[in-house]
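Asker: Starting off with a structure, shown below.
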Amino acid sequence: MVARETKFCLAEDSTVTLNPETLLPREKSLGSPSPPPESYTLLSSMPAWCWVATLASFIILLSNASLRTIGVTGFFALLTSLLLPPYLPVQLTIFLLSTLVAGLLSGWGIGIGAMRAANAQIQASIKTNPVFQANPALAQPTAVFSGWFLGARSTAMYCAFHGLGAFIFGAMRAYAVKLTFMSIFGTIALDVFCMSVGPLFPSKRYTRLNSMAIAVGCYIAIVIVTTLFIFPETMSHAALDTVAGQLQRIAQLIQMQDSVLGARPEELTRDGTLIRKFKALRA
């Protein structure tokens, strides 16, 4: 099929002919692509360097001494750095960190209540059993191997507390979006106590989340250092910077109007320089 040519008039004395073949995207050159101009803006922006906190959290995992101090959940610092990178202003970062710690402590408290209630039921059943009266020292190990700590009463206690905590944190996530991190970390702490390692231990182990709390504390220290000393920024500065960036883009669009009015017809094609500049500004 022969491509049809379309003519339209830009002015009274000039007519431009557009061929549909010229509107198709051209093949890309085989040379090495140049980086987009947005990459320079990202590298020049200080909050874009928030990956430094993730790198510091990863370095913690490489040292054997730090792993002995933190414990088996040292990876939680790296996980937290991916969930909450320090790219926000100082006030907002401190608020999110406080909600994170509050959620972890809330889930920890509900888990302690569940473990205490479940262990009370377990210990009562062991004491009333005449088999363990002869040698109380063997009562706990025998109960573990016999499955006494997985009884219906203790399981019901864990399920009741877990359901209560899941309802609280779920409602918090649905109706209080600002407390999302509080609900996430509260649910994690609750699952550790009530659904993973909590029911497996016969005795009271309320410090089960010590390692996780130390890992989160290490990341909080990294965030405070990077936010205050590497790229400090306040809420007012972030708002003014955003407004200034938008005004700069509007000024560039207005300046380009003059170049469009005085451009040649071949520069107004889809692959033209002006069209690409407009697309870059609208992105």
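Yeah, the Cβs are placed from backbone N, Cα and C, and that goes for glycine too.
Summarising the annotation, TrEMBL assigns transmembrane segment to 40-62, 69-88, 94-115, 155-175, 181-201, 213-231. The feature domain 'Putative ER transporter 6TM N-terminal' is assigned by TrEMBL to 50-267.
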Asker: Short question: most Cβ pairs under 8 Å with the transmembrane segment (69-88), which of 94-115, 155-175, 181-201, 213-231?
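Answerer: Checked against 94-115, 155-175, 181-201, 213-231; highest Cβ contact count belongs to 213-231.
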Asker: Which residues, given as numbers and ranges, are at least 6 beyond the ends of the transmembrane segment (181-201) yet have a Cβ under 8 Å from it?
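Answerer: Here the qualifying positions are 83-84, 96, 99-100, 102-108, 110-112, 114-115, 118, 149-150, 154-155, 158-159, 161-162, 165-166, 168-170, 172-173, 208-209, 212, 216.
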Asker: Over the domain 'Putative ER transporter 6TM N-terminal' (50-267), what is the model's mean pLDDT?
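Answerer: The predicted confidence over the domain 'Putative ER transporter 6TM N-terminal' (50-267), as a mean pLDDT, is 83.
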